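S.K.: Starting off with a structure, shown below.
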Amino acid sequence: MPTDGYNWFLILVAVVCTVVVVLINVYILVHFQHPEDRNQAWFPKFIVVFGLTLSVLSILLLPLDVANRASCRDSIVVSACNFALPMLELWYTVYMLMFLMIIIVVPWTLFFYEQDSDVSTFGKVINSAMWVFGAFVVIALVIGMCYGFVGFVDFPVTTLTSGLSPLNSPVMTGGVNRCILPESGEAIGYACDATSGGVPTETWSVRTTFPVYVVAVTSIFSWLLFFVFAGVGMMAIPIDAIKSFICRPRKVLAKSEYIKVATQIAEFTKGVVAEAREVQKEERGTGKTRKTRKALAKINAKLAALEEDELTLQKMYPQGEDRDVSWTVTVMGYYLHLCTGVICAVLTLMWMLHIALYMFPDPPVTSFLNAFFTEMDSAFGLFGTSSFALFCFYLIMCVIKGNTKLGLRLLLFAVYPMKLGGTLMSSFLFNVNLIMLSSIAVIQFCAQAFDGYAAETAVSEIFGGEIENLRGLGLLFKYQIFLYAFFVMALLSLIVLILTEAQNARKPRRAFESEISST
């Protein structure tokens, strides 16, 4: 067996990427967690870090899959290669882990964490298991019934028929291969060419495997989350980063100015607290109404703005012995935000152009990013793969950004919102589950977007033509319904974010806000 496929450097890259991703996710957990969860709730924290790591690594498996395929020379048949990494087995392992995490592990941990402290540990375990088992049975029944009735793949096939003729007959020795009419023996068509016209097209139905059907059903829900979160995040990442630089604090406050601004923030906070008490009194009398809900939403917005002002004030009045160093690091951080915003804006523009020029038209206008990755590979072997990894990684970052910015909303209210320095483990677990579910659509989307560059990879075997021709569900993928929804969502998000920022700029500013942002 040839050894050209061995490339042990890929194994080292996989290990290093895993360690880096784990460290980043631990950093996210530490900075988002609520103070009440510090030094406790260790098992939910482990599940959160493991879930986020699994989501990101599932995306980074795509470029690893491409690099693993490239380790085998083009002159060698794929089936004859002895690859460094068993990518198909890795893909199935990751999908199985994600399925177990989404359906069983995370829900069980969430139920366990949210139960009253009066309940014993054994009682929490039993209650959580009962809830998860009940939900699992319902989901299994629904998927099983759907698979039993409509779990078929309908392949359009062209039927060609031909008669028989001896090899030494004039028809076979005439210099060309021809199809023979069964009845008369006369030659028609050319080389059994189905494009000659008059050839019937039929539908060949075959039952798909249950794992493929589960992946297809799961991907439907995944795409519903993906086109919302990724659509919002793709525009929010560059806009928020550039906005952070534009609205940065521009000077260090003196102690007297710091006391003055802090006093004004405290007075405004007292006013917001008084408003909240008035709304609570009204709720006790009339119950929760549309008026009280709107009032509470405004109060929450004011509190969020106050927290942001407080953080900005702390940055403008660094304390300790190295005040100058702290202020220099703060300023450098805002310039880093600007650089990040510009880079992300370019990535967003490239993604939108690739969708419009390659994925929407049939045939594509240009291969665009596929050709770009190929050219980068021709310059240096890892350039193309690294660029491919950057675009895939950016997409999952868009999902995470959209999740933290938008969250799962029911009408005007966010369910389990993510908040910097104030996110409880229940919110973490719920949103990690959403991110893991969305990552399935990210993988499918990247495999479809870069099918030219990522050809003959293990992931292309999973997301082949079987899902697109699945009875009923396949129409959503065949006509690119979710892709159009994602594109429209991204454009709408751009418009809404720009209008929102313009509206906020016209609002009258509080006195201490002017003091904070003054030069």
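Every residue gets a Cβ built from N, Cα and C, even glycine.
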S.K.: Do you know which of 149-176, 177-204, 289-316 TrEMBL annotates as coiled coil?
M.R.: 289-316
S.K.: Mind pulling out the one from 42-64, 92-113, 125-150, 481-500 with the most Cβ pairs under 8 angstroms to the transmembrane segment (380-400)?
M.R.: 42-64
S.K.: Could you give the mean pLDDT over the coiled coil (289-316), rounded to a whole number?
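M.R.: Reported value for the coiled coil (289-316) is a mean pLDDT of 78.
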S.K.: Would you confirm whether the transmembrane segment (334-360) and the transmembrane segment (481-500) meet the contact rule of 3 or more C-beta pairs below 8 angstroms, pairs 6 or more apart in sequence?
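M.R.: Contact criterion met.
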S.K.: Counting only pairs at least 6 apart in sequence, do the transmembrane segment (481-500) and the transmembrane segment (92-113) share 3+ Cβ pairs under 8 Å?
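M.R.: These two segments do not touch.
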